[in-house]
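Taken from Swiss-Prot, the feature active site, proton donor applies to 266. Annotated Zn(2+) binding site per Swiss-Prot: 81, 239, 243, in sequence order.
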């Protein structure tokens with residue numbers, strides 16, 4: 001059986017910023033936690049008490065354009081970029097107090113959360129955690145979206161992105177073994193993106209109240225609108241891998257598998273994560 005020591009942060013760290021969808025400011029307070037706590041978000045209720053929202057599939061509330069968790073009256077939106085950084089750095093136990101309903105977007109990538117982990121430092125804890133391994137393939141398909149996971153001794157993600165409506169994105173493919181180093185260098189810097197012709201719809205729906213060129217890349221047929229150039233020629237597919245890592249972290253336990261994805265988004269990622277969890281619990 002694969003196993004490693006559990007991890008938390010060495011000290012508390014804070015970060016304030018604006019949420020990309022709601023457009024409201026929020027402050028994160030990341031606090032070390034004891035072994036076997038898991039990742040737990042906290043929102044302060046009207047009475048002043050903190051409501052716990054474990055970062056688990058059971059608490060996924062919505063998956064439109066981002067992944068939102070909820071428990072009781074507490075809601076935490078857009079958790080995927082933070083969760084991807086925690087998962088890829090093997091952070092198992094953490095209390096995350098959030099003053100608002102949405103995680104700050106930073107620059108649209110996971111860089112700010114990797115930097116927070118570095119500021120706090122990583123604490124190796126006494127207890128071990130088992131790393132689950134699939135014993136059979138797992139599949140999910142909905143229309144032209146496809147996901148599969150195969151037994152492996154490492155976490156590897158192979159993603160195919162197909163955007164026929166955008167000649168500047170087109171078809172992109174990336175396959176990568178996910179570990180702390182590869183995530184930091186190859187995935188964490190990759191920003192969220194949108195198509196130019198989607199922006200009016202998103203604005204009308206109030207879905208990008210905090211979106212700007214400081215935290216997203218906009219793709220047009222004849223180029224991009226961005227602060228600077230793309231960080232990678234295939235930045236969109238890499239960001240899709242980032243989102244997938246964050247969503248699958250809600251399985252709630254570390255696991256290894258070779259994950260294949262074609263055109264998946266938050267809704268399909270979460271549905272697929274539930275199938276993986278079922279397979280691991282057999």
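For all residues, glycine too, the Cβ spot is worked out from N, Cα and C.
Where Swiss-Prot records a feature, it is marked here on the structure.
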residue : record                    : Cβ contacts under 8 Å, 6 or more apart
81      : Zn(2+) binding site       : 103, 105, 106, 109, 110, 113, 192, 242, 243, 246
239     : Zn(2+) binding site       : 109, 190, 191, 192, 193
266     : active site, proton donor : 63, 64, 65, 66, 67, 80, 243, 247
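DSSP classifies the residue listed as 'active site, proton donor' as helix under the three-state reduction.
Secondary structure at residue 243 (Zn(2+) binding site), taken from DSSP and collapsed to helix, strand or coil, is helix.
Under the three-state DSSP scheme, residue 81 (Zn(2+) binding site) falls in the helix class. Taking the mean position of the Cβ atoms of 81, 239, 243 as the Zn(2+) site, the remaining residues of that chain whose Cβ falls within 8 Å of it are 80, 84, 109, 110, 190, 192, 240, 241, 242, 246.
Counting every protein chain shown, the Cβ of residue 243 (Zn(2+) binding site) has 24 other Cβ atoms within 10 Å.
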